[in-house]
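Novice: Supplied in structure tokens, the structure appears directly below.
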Amino acid sequence: MTKKVYVKTFGCQMNEYDSDKMVDVLGAAEGLVKTDTPEDADVILFNTCSVREKAQEKVFSDLGRVRELKEANPNLLIGVGGCVASQEGASIVARAPYVDLVFGPQTLHRLPQMIDQRRASGRPQVDITFPEIEKFDHLPPARIDGPSAFVSIMEGCSKYCSYCVVPYTRGEEVSRPLDDVLTEIAGLADQGVREVTLLGQNVNAYRGAMTLGATEIADFATLIEYVADIPGIERIRYTTSHPKEFTQRLIDTYAKVPKLVSHLHLPVQHGSDRILMAMKRGYTVLEYKSVIRKLRAIRPDLSLSTDMIVGFPGETEEDFDKMMQLVHDMSYDTSFSFIYSPRPGTPAANLQDDTPREVKLRRLQHLQATIEENVQRISQAMVGKVERILVERPARKDPNELAGRTENNRVVNFPAPVETHARLIGQMIDVKIVHAYPHSLRGELVMVHDTAPATH
């Protein structure tokens with residue numbers, strides 16, 4: 001009987017990527033297949049996030065819910081991976097003794113060995129070391145699930161923002177060699193992938209050796225140029241980037257590489273220089289706006305999303321007003337915005353925070369409502385235009401329709417005869433946008449058209 005693994009993922013796209021790799025590793029070594037039902041699983045893994053307190057506590061809540069499964073089936077293995085595992089280590093087992101495996105983001109490739117050791121010794125296994133980039137040398141070929149794929153190009157972050165736990169849980173920045181990344185992407189393209197998203201905590205800090213052991217270094221702009229030359233790759237995305245290292249070389253890449261989409265996620269975190277300094281972000285609002293101005297001079301239709309933290313210690317009403325002014329000036333398409341959550345061990349956790357929670361909540365609601373107005377306005381402006389989309393899958397609500405994404409990352413659902421679905425999935429097509437919904441668009445097929453850009 002085939003054994004199964006259930007993985008629940010918290011947090012960022014890096015974690016989504018890592019979760020897929022956990023399934024790949026256990027599939028190759030143990031023959032496990034993925035299940036969406038924990039009750040059916042022989043191995044249950046939680047890939048965790050420690051960026052916010054709520055996500056961290058939810059892990060222990062979920063662990064409590066699977067405890068009864070362990071009691072009913074002592075052979076069931078329960079593991080905790082990701083950033084909470086890296087931060088908490090063996091204390092997870094102390095708090096939840098029924099946990100068998102604790103592993104960090106850099107040691108997920110060791111899961112088969114940890115499982116063997118757990119079975120042989122009868123004791124929980126904990127491995128939260130930072131063996132740099134070793135894990136990529138031990139991962140099996142990726143499973144392809146549609147025409148889009150994530151590719152991790154580096155690990156860790158060396159920025160040490162005052163509020164952020166990532167450098168402590170994922171380690172400092174380490175880049176994969178250029179040829180390793182290109183080989184993986186070429187393999188994906190051979191299997192039908194048309195769009196890749198290059199992943200890292202801070203991708204524009206990428207500095208990869210041209211080949212393993214070489215002294216010549218490729219920066220992020222060079223990597224993008226090489227990826228664009230891989231046959232079959234039609235679109236390039238990346239996340240996440242840092243304003244401090246958004247070089248002129250990278251800006252110029254938007255003029256040189258048409259396959260690089262006109263959509264950018266560039267976290268600003270705040271609109272007040274005073275708060276940015278307290279956050280240790282390393283740039284001013286003016287410097288951030290200068291990057292966007294240069295990019296929009298090259299790509300006037302650039303769609304911009306960001307991350308914002310409301311209620312950072314010491315935030316005044318004037319600081320918040322400056323944030324809202326930045327939102328107005330930048331015309332953000334999307335924002336991942338949250339109330340500040342102090343993380344143990346970070347410098348900001350020691351700052352005095354005297355802003356009432358109800359004030360923080362009011363500010364957050366105002367920010368999110370304003371961003372949502374931007375989203376609706378931008379979506380409505382797309383109605384009547386022809387957009388290039390990559391067809392990804394059948395539509396979730398209607399099997400007679402297909403769904404794809406625009407360059408600015410909006411989902412478009414459109415009708416298509418069922419007999420054409422297999423042919424259209426994975427194709428770049430032009431659709432005319434006929435209606436804008438709150439979080440998606442509706443389109444009509446215009447042309448299957450793989451090379452020339454859509455006409456607006």
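Keep in mind that glycine also has a Cβ here, set from the backbone N, Cα and C atoms.
These came from Swiss-Prot, pasted as-is:
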type	residues	note
DOMAIN	3-120	domain 'MTTase N-terminal'
BINDING	CYS12, CYS49, CYS83	[4Fe-4S] cluster 1 binding site
DOMAIN	143-377	domain 'Radical SAM core'
BINDING	CYS157, CYS161, CYS164	[4Fe-4S] cluster 2 binding site
DOMAIN	380-447	domain 'TRAM'
Novice: Across the whole of the domain 'Radical SAM core' (143-377), what does the mean pLDDT come to? Round it, please.
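Specialist: PLDDT averaged over the stretch: 95.
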Novice: Excluding CYS157, CYS161, CYS164, which residues of the same chain place their Cβ within 8 Å of the centroid of the Cβ atoms of the recorded [4Fe-4S] cluster 2 site?
Specialist: LYS159, TYR160, TYR163, VAL165, VAL166, PRO167, GLN201
Novice: What Cα-Cα separation, expressed in whole Å, is found between CYS157 ([4Fe-4S] cluster 2 binding site) and CYS83 ([4Fe-4S] cluster 1 binding site)?
Specialist: 13
Novice: Calculate the distance in Å between the alpha carbons (Cα) of CYS49 ([4Fe-4S] cluster 1 binding site) and CYS164 ([4Fe-4S] cluster 2 binding site), and round it to a whole number.
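Specialist: Computed Cα spacing between CYS49 ([4Fe-4S] cluster 1 binding site) and CYS164 ([4Fe-4S] cluster 2 binding site) is 12 Å.
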Novice: Does CYS12 ([4Fe-4S] cluster 1 binding site) have same-chain partners at least 6 apart in sequence with Cβ under 8 Å from its own Cβ, and which are they?
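Specialist: Long-range Cβ contacts: CYS49, VAL51, THR240.
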Novice: Distance between CYS164 ([4Fe-4S] cluster 2 binding site) and CYS83 ([4Fe-4S] cluster 1 binding site) at the Cα atoms, whole Å?
Specialist: 12
Novice: Write down the Cα-Cα distance for CYS161 ([4Fe-4S] cluster 2 binding site) and CYS83 ([4Fe-4S] cluster 1 binding site), rounded and given in Å.
Specialist: 16
Novice: Going along the chain, which residues six or more apart from CYS161 ([4Fe-4S] cluster 2 binding site) have their CB under 8 A from its CB?
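Specialist: Listed in sequence order: GLN269, MET279, LYS280, ARG281.
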Novice: What residue among the binding-site residues CYS49, CYS83 has the most other CB atoms lying within 10 A of its CB?
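Specialist: When each Cβ's neighbours within 10 Å are tallied, CYS83 tops the list.
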